[in-house]
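Visitor: Before I ask anything, here is the structure I am working with.
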Amino acid sequence: MSAFNVAKFGGTSVANFEAMSRCAVIIENNPETKLVVSSACSGVTNLLVELANGVSNQERRSELLTKIASIHDSVLSHLNHSDEAAAEIYKILDTVTSLAEAASIQASKKLTDHLVACGELMSTHLLAQLMRERGIDAVRFDIREVLRTDSTFGRAEPQLADISTLAGEKLAPLCQKHVVITQGFIGSDAEGNTTTLGRGGSDYSAALIAEGVEASGLEIWTDVPGIYTTDPRVAPKASPIAEISFSEASEMANFGAKILHPSTLVPALRHDIPVFVGSSKEPERGGTWIRHNAETSPLFRALALRSNQTMVTLRSANMFHAYGFLAKVFEILAKHKISVDLITTSEISVSLTLDQTDTAGGAPQLPEQARFELEELCHVDVEHDLCLVALIGNNMSESKGYAKQVFGTLEDFNLRMICYGASPHNLCFLLHESVAKSAIQKLHTELFE
Ligand code: ADP
Ligand code: ASP
Ligand code: MG
């Protein structure tokens, strides 16, 4: 199949009619863009997650439903031939209403996915109709026909071989005839149940779909003109990065830079698809190119911040000079499907952080039963309200002297955990949520300004 471009638009990019119209111009300006992946309209997923967590107060439920309806109504009111799209959207809103009622009685991860998927299912009706009214031959495609996942609701694992086959059969031929508008974030398992890839998952969807149709480029259109040296909302003097390598950008995404879902670059790297990140509000400002090899590889590239971290500290005198202790710990964690993120050890204790949470949101928790089993082995402490700060760069494990600069800058901060050495691309540490932003600001001033 001939090479083409996949463009992904995030929630703020499709927030309302004006924002969607800017997306349309971006799509129209690049004739190679044949496939468009859209998020839900800004704010909608949060409202749906609240409903999915179970709202028993009928008044609050109606309030949330009204808010969701009005976001979509406002776009419909700008369309000239909105009847068909409106009928589809009202049908989905009916589903939202009944699922929200069911969740208020008994919430579940499966139900959550079914419910939150409705955001993307609605926004794509609007974007496709808006495009058609501008004279583009756009068709809406339900990505659940292609984006096959396992049944881990809230954080489903894509099934790559199935996605590739289904994309080749169903999606690629459609893209040769039309501009295809489809949903990010959602998929379906082998039984046809709706699944989601976790919050912010539309970036990952776009990359998986780009891989599936063997696209030659992937554009991620968001609300900032590219990847910055740190979140510009945290450090206003952060500056855009013109070009960055896959490994550096992957580290940033993994360590919490919200600009990209952590898994986004895995498919792009696998198929060597260059990724562009830009602002749909200000496309003329350019953006960041993520490529296999960037021209520069500075020691310090960026700072990333990941909040909502949970740290578990396990202490036992039996650990001293013994073998097999960590194996037992990890056996318990594996049995409860708990994924560990960072880890540090000393003679009699080990601290670890629990991996990111799923679509339902909140800090990762240590399940009661897992805690009980660990307590049979050792003393268990759980700390919440922590933030992970990562300094990302190149050749860090081989460079001298910079740790003094970093830790000197942070001398007034209580660092709860430090990880360094495993990757040449990062140095990271945990500190309390309340001081994490000021730590980022101080480090940014010292290392990047
Ligand atoms: P979208 O809805 O388009 O997916 P997101 O809100 O998920 O957008 O991601 C964009 C946001 O990511 C920006 O508004 C910015 O606040 C945040 N962000 C975090 N780290 C960075 C970074 N290093 N560079 C740019 N933006 C970042
Ligand atoms: N709409 C989903 C979310 O808000 C997915 C995404 O936008 O990437 O998390
Ligand atoms: Mg996002």
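Yeah, the Cβs are placed from backbone N, Cα and C, and that goes for glycine too.
Since we're looking at a predicted model, the values are computed, not measured.
According to TrEMBL:
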BINDING   LYS8, PHE9, GLY10, GLY11, THR222, ASP223, TYR228, ARG233  ATP binding site
BINDING   THR45, GLU120  substrate binding site
DOMAIN    314-389  domain 'ACT'
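How about a rundown of where these features are and what they're close to?
Guide: Sequence-distant contacts of GLY11 (ATP binding site), defined by Cβ-Cβ distance under 8 angstroms and a gap of at least six in the same chain, are SER39, ALA40, CYS41, SER42, GLY43, VAL44, THR45. DSSP assigns GLY11 (ATP binding site) to coil in the three-state reduction, outside any helix or strand.
Its own atom aside, the Cβ of GLU120 (substrate binding site) has 28 Cβ atoms within 10 angstroms in the protein chains shown.
With helix defined as DSSP H, G or I and strand as E or B, the domain 'ACT' (314-389) counts 22 helix, 25 strand, 29 coil.
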Visitor: Could you state the whole-number distance in Å separating the C-alpha atoms of TYR228 (ATP binding site) and GLU120 (substrate binding site)?
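Guide: Given the Cα positions, TYR228 (ATP binding site) is 27 Å from GLU120 (substrate binding site).
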Visitor: Please compute the mean pLDDT of the model over the domain 'ACT' (314-389).
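Guide: Its mean pLDDT is 88.
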Visitor: I'm trying to understand the geometry here, so how far is the Cα atom of ASP223 (ATP binding site) from the Cα atom of GLU120 (substrate binding site), in Å to the nearest whole number?
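Guide: Given the Cα positions, ASP223 (ATP binding site) is 18 Å from GLU120 (substrate binding site).
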Visitor: For ATP, with binders LYS8, PHE9, GLY10, GLY11, THR222, ASP223, TYR228, ARG233, what's the maximum Cα separation in whole Å?
Guide: 22
